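K.L.:
Let me begin by handing over the structure; questions about it come next.
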Amino acid sequence: AVLVESLLVFAVVLSVHAVVWDRFSWCALALAVQAFYVQFKWDRLLQLGGAVFQFRGAANSGLLPASMVMPLLGVVMKERCRAAGIVYFERFGVVVASTGMLLALFLSVLAVGITKPVPTNTCILTGIAGSIIIYTMKHSLTVSEVIEVLEVLLIFVYLSMILLYLLPRCFTPGEALLVLGGVSFVLNQLIKRSLNVIEGRGDPIDFFLLVAVVGVVLLGLFFTVLFIFMDSGTWISSMFFHMMTAVLGLGVIMPWLYRLIQRNPLFWLLQFLFQTQTRLYLLVYWTFLAASACGVVFYQNAKRSSESKKHQASTITRKYFHFIVVATYVPGLIYDRQLLYVAAVLCLAVFIFLEYVRYFRIKPFGQTLRHLLSLFLDERDSGPLILTHIYLLLGMSLPVWLFPRSCAPKGTLPGAGALVPYSGVLAVGVGDTIASVFGSTMGEIKWPGTKKTFEGTMTAIFAQIIAVALILIFDSSVNLNSGYAWILASVSLVSLLEAYTTQIDNLLLPLYLQIMLMA
């Protein structure tokens, strides 16, 4: 299964390399080769318990698929913005690609360094790949860009040491690279933009995303350290939690956002949300869907009898939430993507805050949330945090957040790139959901080495092609012109990756589909 997963990742890398064909695509190829070898060293360390931290069990290290996400995303973003003539974001794509390669190299060197005996061949491969990447960076990056890349690496190292120690068994090495690498990059971008504020420059919704992500992470770190010294389950601790959340929100996050957007954040948000009648209709519709999702949770818990406390929700039951998320995102993508962007940021902040309440057992809702959500746990929630619903939100939202709006003057990219914002809907909302439902109910022929079925994968590909056709009918901004073969190949590769990967598919699949469609 690991070999097939690696072959699929190599197919994506070679596809991007064939389209772009520059020094960075060659670096991505070298990185993929060395990550393939180092992945087995990480797998061995996990099996023998020799890894530095406790990682999530029942999964391989996932180093290769995770290592290629940021570099490939940066490469395709650079190419799209170069074609559009937007130099600033072309350079931004170069920084993203270089940062992703350096973070992946760091994890590889770490694995090689703690493996005993020292694997000579893997050391040589890592050294060659590292030399190629550093040589390319030396001749491609300015001094300020090199400093920026090194800053992200430094933040990543410290953040990894803190969070992987505090949150054992929540991530595989690959998932840690994706999540913590992304948070490190966002934190560095926020610091950089806060120090170089120019009035009127930058989109407020981008600043809103940066401040929200960094704010909730810092909030979590603060309370984790605080509750080491006091019991978080008491009423006094709970009151202190809510009071300090308000203080940090109103005293730190709001002024920070005010400095960036040069206006009152609350007034700006209210004005933004109720700017048009369409937005008002969408907000009412989304409120109804949120209430429906809560209704599903309460109904499923009511069905759980006192005699079957160990009963877990079925795969089909968990996929109800995928259908609700698709119903949420599709109207937003068609009618108002900026509103969807901001609403997804707000929803992420709320989800993470509620997870803090559940994790720390904050009264009055902490214990209730623990009881309600325990029904929907699966084998991937083996650590102290429940992250699958947050990953689902991220998987649907990242293609919207990472869409290079400045490099798409008409609001959409040409050809298959027009489907980029729909990557989460296609890969997770449609593909993963249909594969799970049909695979678990009607699947008989299993892919070698996995529990996934041939019928589930084929049905997922077919469903995504139908979804693309429906998008063409209902979204007038999408005009594919040609590239249907590329779309079919992209959807097929990602669906096969879903069948073979043991990583969090809600996070990985939309990013790979976005990379393919942007290429």
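Just so it is clear, glycine is given a Cβ too, placed from its N, Cα and C backbone atoms.
Feature list, courtesy of TrEMBL:
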type     : residues : note
TRANSMEM : 57-76    : transmembrane segment
TRANSMEM : 88-112   : transmembrane segment
TRANSMEM : 118-137  : transmembrane segment
TRANSMEM : 149-167  : transmembrane segment
TRANSMEM : 207-228  : transmembrane segment
TRANSMEM : 240-258  : transmembrane segment
TRANSMEM : 278-299  : transmembrane segment
TRANSMEM : 320-335  : transmembrane segment
TRANSMEM : 382-402  : transmembrane segment
TRANSMEM : 422-442  : transmembrane segment
TRANSMEM : 454-474  : transmembrane segment
TRANSMEM : 486-513  : transmembrane segment
K.L.:
Which range out of 149-167, 422-442, 454-474 gives the transmembrane segment (88-112) the most CB pairs under 8 Å?
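P.N.:
Looking only at 149-167, 422-442, 454-474, the most contacts with the transmembrane segment (88-112) come from 149-167.
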K.L.:
What parts of the chain pack near the transmembrane segment (382-402), using Cβ distances under 8 Å and only residues at least 6 beyond its ends?
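P.N.:
Distal contacts: 56-58, 73, 167-171, 209, 321-322, 325, 329, 333, 337, 340-341, 344-345, 347-348, 351-352, 355, 358-359, 373, 376, 420-425, 427-429, 504, 506-507, 509-511, 513-514.
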K.L.:
Please report, as numbers and ranges, the same-chain residues at least 6 past the borders of the transmembrane segment (454-474) whose CB is under 8 Å from any CB of it.
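P.N.:
334, 419, 422, 425-427, 430-432, 434-436, 438-440, 442-447, 480, 487-488, 491-492, 495-496, 498-499.
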